[in-house]
Amino acid sequence: MNLGDTIVAIASAVVPNQGSIGIVRLSGAAALPIARQLFQDPGQQTWESHRILYGYVRHPQTQTIVDEALLLLMLAPRSFTAEDVVEFHCHGGIIPVQQVLQLCLGAGARLATPGEFTLRAFLNGRIDLTQAESVAELVGAKSPQSAQVALAGIQGKLAQPIQQLRGQCLDILAEVEARIDFEDDLPPLDEPQIQRDLTQVLEKVAQILQTSDRGELLRTGLKVAIVGRPNVGKSSLLNAWSRSDRAIVTDLPGTTRDVVESQLVVQGIPVQVLDTAGIRDTEDAVEKIGVARSLAASQQADLILFTIDAAVGWTAADQEIFQRIVATKANQPLILILNKIDIGQPEAIEIPPQVQGVVKTAAAQHQGVDELETAIANLVQAGKVGAADLDFAINQRQAAALAQAQQALIQVRETIAQGLPLDFWTIDLRSAIQALGEITGEGVTESVLDRIFSRFCIGK
C-alpha cells in the first residue's frame, strides 16, 4: 500500500435500480487534477474548498457525457483524510457509479483498500485510533444506543480519559527518572504520594474496563432465551413480541422442535430472542435434539425468560426444569413469565431467589409485551444485564491493552512495596505507558493497523 497514491472508491451503498444518489470519493494529491479532467463545469464556478459544483462527468477522450453530477471539494487539511478530497455525487444505481469509478481509475487513481480513507485520517493525525474504530462501529450500529456510544467515541470521549491516564503515568515516570539522573540534587521521592497516584490511576482504569462487556452487548446484542416446559406459550410470546408469526403455534405439546430466532430492539438495545423447544423427557428422537438445543441456548443466553402457564401454576415439571437451568449457569439473570393470565390467574407462587423480575402476559392476546420490555430495560439499567447508560465503551482490542496497563501498574505498586531500586519502577511504568498509547494509536504496529482497518468497508 502506497499512501502517496491518490485513492478512489464508491462511498455509498450500491443497490441495483434503487439508489437515488451514488458517491465516488477521491483522496490524495491528484484528486483535484483528476476531477478537473473528468468534470465539466458549465457555469465556470470557482473551484474553492468546501464548495459544491454542478456539472457533467465526461469521458476525457471521447467527451461523451457519462452522468449529470454534483462535485464536492474538500481541500487539505480541512477534509476527512486531511488530504485533498473530491466527491462525485452521481445518480444512484450500479451503472453510473461504476462508470465514474472506472474513469477515475483510468485517470490515475488507485482503488482504495478497505478502511483506507479512515486509515489516512489516522496516519495524518486528524483522528486517533479510538476514533477510527468508532467510525466502523457507527456504520455497523444495530440500535440507536449503540450508535450513540460509537458517536461518543468519534467525538473523542474515550480518547480523552486514556490520554489523561497516560499523562499521569508519564508524570510519575518523570519524577522517578529525575531521581535516578539527579539523585544528589533532588529531595527523595514521596513514595506514599506515588502510591496514591497509582491507586487513583488504577481506579480509573478499572472503571473504563467495566464498559467493555456492556459495550460488547451494544455491538452484538442481548441474547434472550424463552425457556419452559411444552405448551406454556413460548412461541406465542415470541410471535406477540416480534409482531409476526415466526413460530408455529398449536395446542399440541412439543410443536417447536428447534430454536427459532428473532431480532428486536428494546429501548435502544438490540435483542436476539431465542424461542426454544419445550423441555421435557421424551422418546421422540427429533424432539430430544430440540430439548438438547434448548438447554444449550439457555446456557449461551444473557437473560432467560422462564415461562410457565399461569392457569396451571408452578408445577413439579417447572421446578425440575428451573433447577436444571440454574445448575448449568449460576447467577444467570432470569425473568419469570406468568403466561396465559387471560385463562386463569395463578395461585400464590413462591418466587425463587434467582428470579429478578416477574411479568404477567397473555401472549395469545398480545398482552404484557410492553411490561416485558420495561422489565428487561430495568435490568439493563441496573447493570444486572449488559449495557447501562454509557458515555463511551471500549472494544476487545482496547480492553486487552488496558488490562496490560492495569497489570503493569499493579506490578509497579508491588515493586515499590518490596523496596526495589527505582530502575525497576521505570520498567513497568514504561510498559503501562506503552499499553495506554496502543489504545489511541501511539506506537501501534502495522499488523495491528492492518487487522483493524481490514474490517472496514471499501470507501470508508
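Cβ coordinates come from backbone N, Cα and C, glycine included.
Annotated features, as they stand in Swiss-Prot:
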BINDING   Arg25, Glu87, Arg126, Lys460  (6S)-5-formyl-5,6,7,8-tetrahydrofolate binding site
BINDING   Asn231, Thr250, Leu252, Thr255  K(+) binding site
BINDING   231-236, 250-256, 275-278  GTP binding site
BINDING   Ser235, Thr256  Mg(2+) binding site
DOMAIN    221-381  domain 'TrmE-type G'
Spatial neighbours of Lys460 ((6S)-5-formyl-5,6,7,8-tetrahydrofolate binding site) that are distant in sequence (at least 6 apart) but have CB under 8 A: Ala11, Pro114, Gly115, Phe117, Thr118, Val135, Ala136, Val139
Cα separation, Asn231 (K(+) binding site) to Arg126 ((6S)-5-formyl-5,6,7,8-tetrahydrofolate binding site) (Å, whole number): 58
Residues near Glu87 ((6S)-5-formyl-5,6,7,8-tetrahydrofolate binding site) in space but at least six apart in sequence (CB under 8 A): Ala11, Ile23, Val24, Arg25, Leu26, Leu71, Leu72, Met74
Segment confidence, the domain 'TrmE-type G' (221-381), expressed as mean pLDDT: 75
DSSP-derived class (H/G/I helix, E/B strand, else coil) of Arg25 ((6S)-5-formyl-5,6,7,8-tetrahydrofolate binding site): strand
Local Cβ density at Arg25 ((6S)-5-formyl-5,6,7,8-tetrahydrofolate binding site) - other Cβ atoms counted within 10 Å: 25
Listed binding-site residues (Arg126, Lys234), ranked by Cβ neighbours within 10 Å, top entry: Lys234
Candidate with sparsest Cβ neighbourhood (10 Å radius) among Asn231, Ser235, the listed binding-site residues: Asn231
